[in-house]
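Here's the structure we're looking at; comments come further down.
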Amino acid sequence: MSGGDMAKPLLGHRNMEGDPGITPAAGRTIGVLGSGDFARSLAIRLVCSGFKVVVGSRNPKRKASLFPSAAEVTFQAEAVKKTDVIFVAVFREHYSTLCDLADVLAGKILVDVSNNIEINHHKESNAEYLASLFPACTVVKGFNVVSAWTLQSGARDGNKQVLICSNNQEAKRTVAEIAQVMGFTPVDMGCMSSACEIENIPLRLLPAWKIPIFLALGLFLCFFTYNLVRQVIHPYIREQKNKFYKIPVEVVNTTLPCVAYVMLSLVYLPGVLAACSQLYYGTKYRRFPDWLDQWLQHRKQIGLLSFFCAALHAVYSLCLPMRRSHRYQLIETAVKQAVEKKMNIWVEEEVWRMEIYISVGIIALGLLSLLAITSLPSIANSLNWREFSFIQSTLGFIALVISTLHTLTYGWSRAFDENQYKFYLPPTYTLTLLVPCTVILAKVIFNLPCIQQRLLRIRRGWEKGRYVKFVLPSATGEYSSGETSSNV
Ligand code: NAP
């Protein structure tokens, strides 16, 4: 379906006769069995899209007032007699109560819109079950991925795709046309065996986020334990100091930036590995291993989680001075200095370190916000490929470099201070630098002209060891052709 089609307004009360843009589906009578939330929203949308709607209810008198006046609400048997296409907006458990209608339904198209309450709840899909109850009908699975709310609010505010499957091509085409006229994008999912998959889609909980969330939680757990040992357990064991109050804020706040920083580098690491693979094999046509493919596909979610942790770190950092423990420590230090009669406590190097540390931190968070915003489909769709690639690739890499500066100014000379090695464990920031610095170094190497040229050629389709046709002008001005190795 073209972008132009998607931009079309809902047909509303327009007269559709003679409109070349309207498919033959518009204007026909559509039946809806059931008078619940979905049936009502469906009827409203169908009426607004120019269809005649007849609703079949067990109790039409009571339900008629819930439907738009343009829709006819009648008994089930009456409704199905008036149309060839019937949406079954009834739960699977009640399908068998429709068996009395088998004779009037024979030869008609039944659209199964039902969902289950859990994934793979029944052995056979609801659509296959409906087909088994009504063998004389043609069943099409569809519309279950759109909610009653989406149907009412219009295609622009909700999910636009309607996944459709059926064993009958003609019936599938009819339902696809209806979906298109309603402002949805029909997606052909093949034959009825796909119904189970389609029914599971609305029940999946953030499938694209599972791996990135587990990754973030895993990193958080590792860094949290490491920081806990260094900041709380070590002083407790070595100096019998009770620092457990640090767990809710300080330990969490030193863990969050570690996760954010490493996650940001993990957005760019698969790109580096992919480039290494392309350079090694001298082609872009070789499939990446599955794990790398998966990793590349999850970069957006990993980046958004990195931004989430960085934003939390910023909020935690702003709240640090609010803590009672902080105030006590400040007063304690001031009293100590007064007792020791220390007047000048200004350390120029520390002042500069903090100023730079905070400034680069704010810039890094600003860039991460930009990356997060531009990854939203509505914003991403308004950018051309070059703009999107500049923001996500170039500015993203700059964000990684600035985050590295933020980390280095935080750590400063701590890596060289032996007192910082608690239980021989190096300061946490040194560990976080490993992956990001590898990525930055690799990116620098890939930007060396000799490597960049080769990578560019590979990405334009050049292959190592492949023979290509060449055309050369001869001395007489005519062109002669031949073959050579593209390796040469
Ligand atoms: P609902 O509000 O409970 O409506 C179900 C309707 O089924 C009732 O209003 C009833 O209408 C009819 N029905 C027919 N025979 C029945 C019987 N023996 N016992 C009880 N009711 C009977 O449910 P709904 O939310 O509209 O959902 C309807 C179907 O759409 C379900 O299969 C659901 O999975 C699917 N769906 C719903 C949504 C959503 O957002 N709600 C989204 C996607 C798919 P009469 O009393 O007029 O006969």
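For all residues, glycine too, the Cβ spot is worked out from N, Cα and C.
Per TrEMBL, domain 'Pyrroline-5-carboxylate reductase catalytic N-terminal' is recorded for 29-116.
Summarising the annotation, TrEMBL assigns domain 'Ferric oxidoreductase' to 259-401.
Within its own chain, the transmembrane segment (211-229) is flanked in space by residues 247, 251-252, 254-256, 258-259, 262-263, 266, 294, 298, 301-302, 304-305, 309, 422-423, 425, 428, 431-432, which lie at least six positions past its ends and keep a Cβ under 8 Å from the stretch. Here TrEMBL flags 211-229 (among others) as transmembrane segment.
Per TrEMBL, the feature transmembrane segment maps to 259-281 (among others).
Residues 212-213, 215-216, 220, 249-250, 252-253, 256-257, 259-261, 263-264, 266-267, 361, 364-365, 368-369, 371-372, 375, 396 of the same chain lie 6 or more positions beyond the ends of the transmembrane segment (302-323) yet place their CB under 8 Å from a CB of it. If you look up TrEMBL, you'll see 302-323 (among others) marked as transmembrane segment.
Look at TrEMBL and you will find 356-376 (among others) tagged as transmembrane segment.
As annotated by TrEMBL, transmembrane segment applies to 388-408 (among others).
Among the features that TrEMBL reports, transmembrane segment is placed at 428-450 (among others).
The transmembrane segment (428-450) makes no contact with the transmembrane segment (356-376), as judged by fewer than three Cβ pairs under 8 Å among residues 6 or more apart in sequence. Taken through DSSP, the domain 'Pyrroline-5-carboxylate reductase catalytic N-terminal' (29-116) splits into 39 helix, 23 strand, 26 coil. Within the same chain, residues 257, 260-261, 264-265, 267-268, 303, 356-357, 360-361, 363-364, 367-368, 370-371, 374-375, 380, 429, 432-433, 436-437, 439-440, 443 sit at least 6 positions outside the transmembrane segment (388-408) and bring their C-beta atoms closer than 8 Å to a C-beta of that stretch. Taken residue by residue, the domain 'Ferric oxidoreductase' (259-401) breaks down under DSSP into 119 helix, 0 strand, 24 coil.
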